[in-house]
Amino acid sequence: MNLPQEKQCLINPEFYQFINNEVLPKTSLNNDNFWADLNNLINDFSHSNTVLLNTRQQMQNKINQWHLEHPQSSDFSPQASQAAYREFLQSIGYLTPMVDDFTIETENVDPEISTMAGPQLVVPVSNARFALNAANARWGSLYDAFYGTDIIDNSGELSNTKAFNPQRGQAVIDNAKDFLDEQFPLNSGSHHDVTSYLVYYQHLLAFFADGSECGLKDPCQFVAFDGSKNSPTYLLLKNNGLHVGLHIDRTGKIGATDNAGIDDIQMESALTTIMDFEDSVSTVDSNDKVEAYRNWLGLMRGDLEVTFTKDNQAVQRKLNYDRNFTAKSGGAYRVPGRSVLLVRNVGHLMGTDLIQDIDGNNAPEGIIDGVVTALIGSLDLQKSEHDCFRNSRSGSIYIVKPKLHGPEEVRFTCDLFSRIELMLNLPKDTLKLGIMDEERRTTVNLKQCIYEAKSRVVFINTGFLDRTGDEIHTSMLAGAFYPKSGIKNEPWINAYENNNVEIGLRCGFSGKAQIGKGMWAMPDEMKQMMKDKIAHPKSGANTAWVPSPTAATLHALHYHRVNVFEQQNTILTRTPASLDSILTMPIMPADMTLTAEQIETELNNNVQGILGYVVRWIEMGIGCSKVPDINDIGLMEDRATLRISSQHISNWLMHNVCTQQQVNQVMERMAKVVDKQNEGVTGYQNMSPNTEKSLAFQAAKALILEGHKQPNGYTEPLLHEYRLLAKQQF
Ligand SMILES: CC(=O)SCCNC(=O)CCNC(=O)[C@H](O)C(C)(C)COP(=O)(O)OP(=O)(O)OC[C@H]1O[C@@H](n2cnc3c(N)ncnc32)[C@H](O)[C@@H]1OP(=O)(O)O
Ligand SMILES: O=CC(=O)O
Ligand SMILES: [Mg+2]
């Protein structure tokens, strides 16, 4: 179609060259056609994108108005007002009519997503070093995960000293062998006492010091090996669909001292990984975006590489190969060496200068992300089944779409995906959709959202961090929210989590798609994670997010202990989560007051997190950071946690729980604390004492003071604005 001149887009030259020189030549697409098609696509979809954003704001305005007209009072009757509130939400189209029962029809889904249960790692795609590490996190060393974390107490004779501590090493081995005894028990005796393993016909045999021997209680758990049967170098076991490998090497650092010569125990860990273009990155212009797209290209082609220095040694990192073993029956046994990769696009909110219209207006970034990540993803589909670096063995490209508000936004996304498939000559429904259930309008209409995507949906996931931010923003005018820790104890969150699993199962997700749980946001607190995160597989979710490869290896232990698919059978017998519980706002009763100390502590904590995160985002372009809280516990901070903290303070200011002067004082004080925490960090610029000159400080202040005005409480608009200013300065 020939477009009138005024509809032609302006393409950023760096982006144009990247696509023309590095991507399109690998496809059968013609360059000119590609750009003309993209131009048409943007013209056809941009208006709807704008309409959807306007609808969000109009609904929010009406909700705000409703709260002004129904102020919280001490004689507040939750039941009566709940019914009226529901009716109101229906009347404005926030609550949509329920669809009839149905089951999803998604096809060609990789087993890691459909039939297996295990951890999902998330990683900022802009960091090639981390991204490669994440792709390779399909396998992780249990010994390293135990040794390097607080799973083993870091005190006294067990201390994690710089030089290898043999006592700590022994505790690691003891813990790991306890796991073997628990999940791969022997017919008699314990793995602790085994002196050698060998393969006898199709059986694993364990020998003891007294010459006795035995097999596994469940012989089927032994699946493959490497080396000779009499002296295997690797034994591959399987439980609940996940592999565990015993690496045997009597000359190895650990193997030399181990009874059975086990040098390491390796866990199949991150079955899937999300390469994130969204909340964990800081990509504000064409230059940043092209760099991130180039990493995705390297991952899809299989040739991404980085070299860096670690512990004074040069390290070269590439994608791992698949692993080949001998099946116990004698044939070849190949296991994937890498996580199955999904890619998280940005949501519908932001524009990008990758492409602009004739008036210099940025095109919707979500649309361009959809096209480019799918285009690059399509290179994977050209690979033969023997290719070393194939991602999807089922011919799918997996795109996670964040921050969707309700069914009409899901429909828009699916329409966009259909059009991209036409443009790229991909079979219908090649582009699979992961729906983040992280906005309230999606939660309360989840079944309708899934219905819109029923031929391509591959996951629903409770992004509880954004969801908390949206909870605050949506009901900003309703009253003052509990302190952050209290919000988590209110009924809405369990109802939201349970509803997600129940709806997913009722829509037939079991065995077809992922039901996912959210992030563990305390990357160094692994002992606590092991206690808490077993709740995720128990809840019937077949995946849950982890922040690092080490966390993936440890969280994998949970999926050995809990058979998620058995668990799912029990879920549908319980009373379903109620909409009223989901809609119960975690607001403090009107007559509840907090002590001055409680308010101060909350502000200190929130402000420290905001400043600690924002300063690295604005001035160093780092989109995800580990920032200590006031108790010195490192927290994963990304845009979603920033959304919560900034919205929370905004809410307290609005309801006079604190004053602006108080917030200013806390900010000034915390700027000093954050500066101190970053002492010696290359490229770091202090915010204090000249905070009025610090773009990071000013950005943080704007996020708080203008928080109530930000669209749905999102942080992107202000972060981008200040980051662009900072980039101009350097
Ligand atoms: C609400 C949401 O949207 S959640 C989703 C967005 N959040 C994320 O994606 C979190 C991803 N995680 C991270 O970015 C990081 O783990 C952080 C920022 C939390 C902590 O980073 P750091 O302080 O650098 O971690 P730390 O020093 O403990 O470990 C760094 C090592 O772990 C590896 N690592 C840490 N996180 C990851 C990860 N997510 N993927 C792969 N490797 C990782 C690094 O490669 C590095 O190892 P290397 O030196 O061999 O390369
Ligand atoms: O994206 C995840 C979230 O919790 O938000
Ligand atoms: Mg999120």
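Yeah, the Cβs are placed from backbone N, Cα and C, and that goes for glycine too.
Automatic prediction, not curation, is the source of TrEMBL annotations.
According to TrEMBL:
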ACT_SITE  Asp638  active site, proton donor
BINDING   Val122, Arg129, Phe130, Ser280, Arg317, Pro547  acetyl-CoA binding site
BINDING   Arg344, Glu438, Gly463, Phe464, Leu465, Asp466  glyoxylate binding site
BINDING   Glu438, Asp466  Mg(2+) binding site
DOMAIN    598-704  domain 'Malate synthase C-terminal'
MOD_RES   Cys624  cysteine sulfenic acid (-SOH)
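Checking the binding-site residues Ser280, Arg317, Arg344 against ligand 3, not one has its Cβ under 6 Å from it. Here the candidates are the recorded positions Arg129, Phe130, Ser280, Pro547, Cys624. The one whose C-alpha lies nearest to that of Arg344 (glyoxylate binding site) is Ser280. Candidate recorded positions: Gly463, Phe464, Leu465, Asp638. Nearest to Pro547 (acetyl-CoA binding site) by Cα distance: Asp638. In this structure, the binding-site residues that sit close to ligand 2, with a C-beta under 6 angstroms from any of its atoms, are Phe464, Asp466, chosen from Ser280, Arg317, Phe464, Asp466. Of the candidate binding-site residues, Val122, Phe130, Arg317, the one lying closest to Phe464 (glyoxylate binding site) when CA atoms are compared is Val122. For ligand 1, the nearby recorded positions are Pro547, Asp638; that is, of Arg317, Arg344, Glu438, Phe464, Pro547, Asp638, these have a C-beta under 6 Å from one of its atoms. The residue listed as 'cysteine sulfenic acid (-SOH)' and Arg317 (acetyl-CoA binding site) are 21 Å apart (CA-CA, integer value). A strand conformation is recorded for Arg317 (acetyl-CoA binding site) in the three-state DSSP classification. Mapped onto three states, the DSSP output places Cys624 (cysteine sulfenic acid (-SOH)) in coil. When the record's acetyl-CoA-binding residues Val122, Arg129, Phe130, Ser280, Arg317, Pro547 are compared pairwise by CA position, the greatest distance found is 21 Å. Val122 (acetyl-CoA binding site) sits 14 Å from Leu465 (glyoxylate binding site), taking the C-alpha atoms as the reference points.
Across the structure, Asp466 (glyoxylate binding site) and Ser280 (acetyl-CoA binding site) are spaced 12 Å apart at their Cα atoms. Ranking the recorded positions Arg129, Phe130, Cys624, Asp638 by Cα distance from Gly463 (glyoxylate binding site) puts Asp638 first. Averaged across the domain 'Malate synthase C-terminal' (598-704), pLDDT in this predicted model comes to 97. Considering only the recorded positions Arg129, Phe130, Ser280, Glu438, Leu465, Asp638, the residues lying within 10 A of Cys624 (cysteine sulfenic acid (-SOH)) on a C-alpha to C-alpha basis are Ser280, Asp638.
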